[in-house]
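Here's the structure we're looking at; comments come further down.
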Amino acid sequence: MELNPLKKSPSSEAVRNLREASCGPVGTPTVTNDLSENIILTSLEDLHNWARLSSLWPLLYGTACCFIEFAALIGSRFDFDRFGLVPRSSPRQADLLIVAGTVTMKMAPALVRLYEQMPDPKYVIAMGACTITGGMFSADSTTAVRGVDKLIPVDLYLPGCPPRPEAIFDAVIKLRKKVANESISERSKITQTHRYLTIPHKMKRVESKVNGQYLKAKTQLIALNPSLSEEFDQSLKEVQKISEELSSN
């Protein structure tokens, strides 16, 4: 039997090349522009923060005129739905508490109860001067809370009397940035200091200047500065004496 001279056995080099091609590591594929635009690399924490900042469900706690400015956001002129804000009527379905208006001692326990019923993570926006410091209603009132941060922790302060709808949008954008940079592990460690939950509110006593005495005072300056009363009486006597001398002559 004669072997075919044209049919030769493969060389060792060809066998080696075939083995490397079939058993070797796969080469790095080329990444096209279409592939890079359709793949996003992120972490689970960033994905969780992105989902929360895009769907903030606020609980509206309005007690005074600042709440009217927030009600203007519902209209088509501002359209707060584009931020994913869906107002809720139950604290158990909300993650954002917007306090707008004066908080009194009688309403303080109800506000704290609503905050405690909200699931974590939760955020608070103090809207308006009356909410942040007590405003003009705390000048001579013993029932107004001088700052809602004495009751619940506040994440963002929105000053104004009242703040405009554009300012409310700016506050929401700043809160979204805070949520985006937040860490789940660090959020549970945040605690509030100087928190008072008792009904007898701890606040600094401020003597009121508007106490009705200005109605009995001779001038408005004396009503604000009672120490000037003697000087005013003395100068008034001198003026009367001079006027009598002039009239006699």
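Note that the numbers count up from 1, one per residue, in the order the chain is shown.
Cβ coordinates come from backbone N, Cα and C, glycine included.
Straight from Swiss-Prot, the features:
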- C65, C66, C130, C161: [4Fe-4S] cluster binding site (BINDING)
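Features recorded in Swiss-Prot, as mapped to the structure shown.
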{"residue": "C65", "record": "[4Fe-4S] cluster binding site", "DSSP (3 states)": "coil"}
{"residue": "C130", "record": "[4Fe-4S] cluster binding site", "DSSP (3 states)": "helix"}
{"residue": "C161", "record": "[4Fe-4S] cluster binding site", "DSSP (3 states)": "coil"}
For the binding-site residues C65, C66, C130, C161, the largest set of other C-beta atoms within 10 Å encircles the C-beta of C130
An 8 Å radius from the center of the C65, C66, C130, C161 Cβ atoms defines the neighbourhood of the [4Fe-4S] cluster site; name the other residues of that chain inside it, in order.
A64, A100, G101, T102, G128, A129, T131, G135, G160, P162
